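A short write-up of the structure that comes next.
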Amino acid sequence: MKNKIRPKLVLLMIILIIISSCKEKRSDNQIPADLASVSTDTTLSGLQATHFTDTINSKPVGLYVLKNKNGLEATFTNYGQRLISLLVPDKNGRFEDVVLGFSSLEPYTVGRGMFFGAVVGRYGNRIANGSFELDGVNFDLARNNGPNHLHGGEIGFEAVVWEVDSLTDNHIRFRRLSPDMEEGYPGNLEVVVRYTLTDANELEISYEAETDKKTHVNLTHHSYFNLKGAGNGDITDHILYVNADHFTPVAGKGLIPTGELRPVKGTPFDFLEPKLIGKEIDSDYEQMQFGGGYDHNFVLNDSPTNASGLVLAARVTEPKSGRVMEVYTNEPGVQLYCGNFMDGKTVGKKEKIYAHRGALCLETQHFPNSPNQQNFPSTILEPGEQYNSVCVYQFKTTE
């Protein structure tokens, strides 16, 4: 009797294991239940999870926390895939939140939240006259920046809820399908963005995208950095190095590039020798007048690179705290924006007022208006191809 029962028990156990295994499998497009809630109730930066918990367009929104072994902390919301806070140490080991943002979700939903910490797309930066031509067909985009198209249109990637389908202590992955003709762009675009907070004190951002129709793609990250700490004055006393022999001058206050690649030598755009951002920001050089300071694309040199083959785009040093931020990328350009349009009235985290020029953005990218400039690196993505872009913000300190 025992010999007859034992095989049946073994068979039953095998069946139960198979059923259990099948139940555990899930599609990459499904958000696990444990990812639908915030990682912790209160972050080290003082953010309250409940202030970011909501439902927008029937999709859940929450707060997510990444940490590394060195004590760095990054917090995100899946609304606009925004970096809300980033704690990094100074030369004495004192941590400070170095990105601008808000203490609750609501301000991000008003006036596009100044793009604080957001992913930007489908096309980061400007496209002249809100249109481009592909294979003889003209595509009209939203004109949301005067006559031009800016940062993906009226409802860009910063103003939608992203799915979170992977989360660990130091890694988060967002995904979204941007439907055909969203904001005027052709093709169903599947986008995946990964953020990793490494033990080398890097915030690594990796973008992937695939399309079913020929289209243009140019994704970037729009955090505002102040290495003294968010809300602690302006950034004119930061020292900046930009690894670029050329920049793309603009035609006027619409900030559309002329198509020229102009040498930085002899202009306020020469950061090959590190200098204070404020040294020439109020120069009477015509290009500085168009944007009220720096709001231009730099054409990156091909070297030096890091161990991963990414080019060093820029280095920012804040002398008093000793904080250093290096930016690495595989993109051909980086946009330097120094908060020229900040009016000094915005109230951010911890009720701090963000000053005029209270932060800088270093947005790795293809060049503005590339779809209409044949001599600029192409932003076309074809079916069967994969868009790949990487940006790394690495934090160090001076001795």
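From the backbone N, Cα and C atoms, a Cβ is placed for every residue, glycine too.
As recorded in TrEMBL, the features of this protein are as follows:
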{"type": "BINDING", "residues": "Asn125, Arg126, His222, Ser223, Tyr224, Asp295", "note": "beta-D-galactose binding site"}
{"type": "ACT_SITE", "residues": "His222", "note": "active site, proton donor"}
{"type": "ACT_SITE", "residues": "Glu363", "note": "active site, proton acceptor"}
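Counting in whole angstrom, Glu363 (active site, proton acceptor) lies 6 from His222 (beta-D-galactose binding site) by their C-alpha atoms. The Cβ of Ser223 (beta-D-galactose binding site) lies under 8 Å from the Cβ of Leu83, Leu86, Val99, Leu100, Phe116, Gly117, Cys361, Tyr393, each on the same chain and at least six residues away in sequence. Of all the Cβ atoms in the protein chains shown, 20 others lie within 10 Å of the Cβ of Asp295 (beta-D-galactose binding site). Each of the binding-site residues His222, Tyr224 was ranked by the number of other C-beta atoms within 10 Å, and first place falls to Tyr224. All protein chains included, Arg126 (beta-D-galactose binding site) registers 21 other Cβ atoms within 10 Å of its own Cβ.
The beta-D-galactose site in the record is lined by Asn125, Arg126, His222, Ser223, Tyr224, Asp295, and its two most distant CA atoms lie 18 Å apart. DSSP gives Arg126 (beta-D-galactose binding site) a strand state. Fewest Cβ neighbours within 10 Å among the recorded positions Asn125, Glu363: this applies to Glu363.
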